[in-house]
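According to TrEMBL, the substrate binding site annotation covers LEU17, GLU22. Summarising the annotation, TrEMBL assigns ATP binding site to ARG107, LEU108, GLY109, ARG110, GLY111, LYS112, GLY113, TYR114, TYR115.
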Amino acid sequence: VIDHPKYQESKRIAIFLSMPDEVQTEEIIKDIFKQGKECFIPRYKPQSNHMDMLKLSSAEDISSLALTSWNILQPSDDDTAREEALAGGGLDLIFMPGLGFDKKGNRLGRGKGYYDTYLERCMKHPRGKPYTIALAFREQVCESVPVTENDVPVDEVLYEDC
């Protein structure tokens, strides 16, 4: 990931805080800060498909985040001091989680449509849609995954030895 050309050229990067069954992102987040890039993480709104990408001030900032009922760390709802990526300069790159992927870039998420809805909002930003990379385990890549007309394919699926 760290040697990927899109990562190297990106300055504003959104990345998920990994759950135990996902590709671990902690080292990538540390590298984002080490390289002087800006790091944004998701804040999901329950009972909706709305998500914002909020800026982290440092890798250590993660320890100040609240744990949601889904067992995900994210900025609390009353945390209004953080920059939202689309309210500012947009994003260059989004690293995305998922349950399954196919080689055409179709992604099976957890069913709420958070990333698809967020990417639709990105397309309305003057900067346009950021490059998207799904981080996967080889076992998550299959021949095809079910998609709907609202699903936005990822630009690239990265997995070990791909």
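The backbone N, Cα and C atoms fix where each Cβ goes, and this holds for glycine too.
Applying an 8 A CB threshold to same-chain residues 6+ apart, the list for LEU17 (substrate binding site) reads THR25, ILE29, ILE41, PRO42, ILE62, LEU65, ILE72, LEU73, GLN74. A C-beta separation below 8 Å, combined with a sequence spacing of at least six in one chain, links TYR115 (ATP binding site) to MET51, ILE94, MET96, ARG107, GLY109, VAL152.
For the pair formed by GLY111 (ATP binding site) and GLU22 (substrate binding site), distance between Cα atoms is given as 16 Å, rounded to the nearest Å. Comparing GLY113 (ATP binding site) with GLU22 (substrate binding site), their Cα atoms are 18 Å apart once rounded. All protein chains shown were included, and the count of other CB atoms within 10 Å of the CB of ARG107 (ATP binding site) stands at 24. Within 10 Å of its Cβ, the residue among the binding-site residues GLY109, GLY111, GLY113 with the fewest other Cβ atoms is GLY111. Residue environment of GLU22 (substrate binding site) contains 16 other Cβ atoms, counted within 10 Å of its Cβ in all protein chains.
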